[in-house]
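Only one structure is covered here, and it is reproduced in the block below.
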Amino acid sequence: MEPTAPPYEDSPTANPKHSTNPVDEERHSENRGDRQTDEASREDNDTYFADNKISIPEYGDSYSFSFRKLWAFTGPGFLMSIAYLDPGNIESDLQSGFHAGYSLLWVLLLATLLGLLLQRLSARLGVVTGMHLAEVCYRKYPTVPRILLWIMVEIAIIGSDMQEVIGTAIAFNLLSNGKIPLYGGVLITITDTFVFLFLDKYGLRKLEAFFGFLITTMAITFGLEFFTVTPDVKSIARGLFVPGCSNCDQQATLQAVGIIGAIIMPHNLYLHSALVKSREVDTHRKDKVREANRYFFIEATVALMVSFVINLFVVCVFAEGLNNQTSLDINKKCVNQSIKVDYEHVFPPNNETIGNMDIYKGGVFLGCQYGAAALYIWAVGILASGQSSTMTGTYAGQFAMEGFLNIKWARWKRVLFTRSIAIMPTLSIAVFKGVYQLTGMNDLLNVLMSMQLPFALIPVLTFTSSKALMHDFKNGIFATVVCCILAVVIIGINMFFVITYVQDLPVVVLPFIGIVMLLYLLFVFYLGLVCVYNLGGTFLERIPGFMWIIGRDLYDLEPLEETSPATNDK
């Protein structure tokens, strides 16, 4: 069977051709009603942007560059980039600098570039089809896999939300010199997100401006820490452009593979494909779609480079500042600085080498090393990181629920749902354990993010490589090969993480872990088969029951016009 449709024709009424294979004709006949419904519903898939879309100025032609148009398209990429700056990423940066110095900067750069490739595919899917990733999944996958994908996305969102709650609670604790207990900070996060969501009532542009303000806050605060520490420029350049980590121990190796899981967030691919729908793009005109893809890619590149620089600041601060210092060394500096946080429990007066670092210890260290102002600046940056990431996670969850389940909730209900689940374990640890156990959860949550990544990466690769769905905008060979390699690497990293963490678990839970991992691999294998089929692997049709297992065809979209009808008439 021919899994793809022919290229777009110039006529806006031309219909894609189908294979004459009798099996194909039967399947197309069965699904024609579904495709017609999909085509009719395509115009209605506006999520919450329906009454608030940003118009694109008609300035020049679609092929020339315009800063006015770039400004109109600016917004979705920066909202997306906030996921690259959440507290989980900040802690991953901190630990990378602490354990490996500057040696893993090239991994951070590589992960950011790979993230840019995936975000480009995600945005392109939203622009070309007029639907975001979850909506396309709803129309492509059968019910059971679709529900499983939704559950995986929700797990990723809740895990990310927990990291953001942790970061925000620690920020409040540091800013108040410990007067706001951790559980108090956790409870505050229940209400603050609802307050910020009211910004949505004042228009999309104002909301995007607020996110821009939070990103600027992080750039300024972490930038101030960077220039206070004044790291070695040659070491930074060597770490960025010379791959390798010759002096890295096992912990540094864990940080290297953990950076990918922390940087590339699975739910962010669903989010970005929805955010691009906030701009008025004529998806029936090829030149307008091409223009939107170009400007969204430029904006995403700038946004991710900004996030990369901020992550770089954090890595370098802790690569330089903590070099060859014992707990006693830092304790003496804490005494001299007279900071008000409880540094005695963080850095006891002994000659032991500091074994680990987290965002709480990092703030205390900066206060001891560079003064109380450095501690408060760090806390403000962490607070901005937590607040911005919480809001984007809320939107990602809303889009996922609307798309996968075809239901719509008010945003306050969506916030209550994810935040309630995230609050319970976080609050329990904050009340009964303490800050060290709370921040220690970030490593486990980063592993969780990495485990969920195939459930966003493989669908994105599947759909954006489909000729039937993307037509002239389908993936090229380079993007397809890179994404396939990345998918295999991610799965390998996940297995490495599982083996590493399982070694410390009681033997009694190992059978349960084994069953879960088997089901995990089977689901990834299923998604991989569907992807291979849509990439042209028609040989899979010979497997008995395969066509029934993978479900419905990718429906065909109406061909795009190269130019407007008025232009064609001339």
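Cβ atoms are placed via backbone N, Cα and C, with glycine included.
Residues or ranges marked as region 'Disordered' by TrEMBL: 1-46. The feature compositional bias 'Polar residues' is assigned by TrEMBL to 12-22. Annotated compositional bias 'Basic and acidic residues' per TrEMBL: 24-45, in sequence order. According to TrEMBL, the transmembrane segment annotation covers 99-118, 147-174, 180-199, 211-229, 256-275, 296-322, 364-384, 416-438, 444-464, 476-502, 508-533.
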Worksheet item: Going along the chain, which residues at least six beyond the ends of the transmembrane segment (444-464) come within the CB cut-off of under 8 Å?
Response: 88, 92, 118, 121-122, 124-125, 129, 133, 136-137, 140, 149, 152-153, 155-156, 159-160, 162-163, 258, 260-262, 264-270, 470, 474-475, 479-480, 483-484, 486-487, 490-491, 493-494, 497, 501, 520, 523-524, 527-528, 530-531, 534-535, 554
Worksheet entry | Most Cβ pairs under 8 Å with the transmembrane segment (147-174), selected from 99-118, 211-229, 256-275, 364-384, 508-533 | 364-384
Discussion item. Which sequence-distant residues neighbour the transmembrane segment (364-384)? Criterion: at least 6 residues beyond either end, Cβ under 8 Å.
Written reply: 87, 90, 167-168, 170-172, 174-175, 214-215, 217-218, 221-222, 224-225, 228-229, 317, 321-322, 330-331, 333-334, 337-341, 343, 346-347, 357
Fill in: For the transmembrane segment (256-275), sequence-distant contacts whose Cβ falls under 8 Å of one of its Cβ atoms, 6 or more beyond its ends
47, 75-77, 79-80, 83-84, 86, 88-89, 92, 95-96, 100, 104, 107-108, 111-112, 114-115, 118-119, 122-123, 125-126, 132-134, 152-153, 156-157, 160, 245, 248, 300, 311, 392-393, 395-397, 399-400, 403, 443, 446-447, 449-453, 455-457, 460, 489-490, 493, 496-497
Response to the item:
Given the transmembrane segment (296-322), its same-chain partners at Cβ distance under 8 Å and 6+ residues beyond its ends are 70, 73-78, 80-82, 84-85, 89-90, 93-98, 100-102, 104-105, 108-109, 112, 115-116, 119-120, 123-124, 127, 215, 218-219, 222-223, 225-226, 229-232, 235-236, 263, 272, 276, 354, 357, 362, 365-366, 369-370
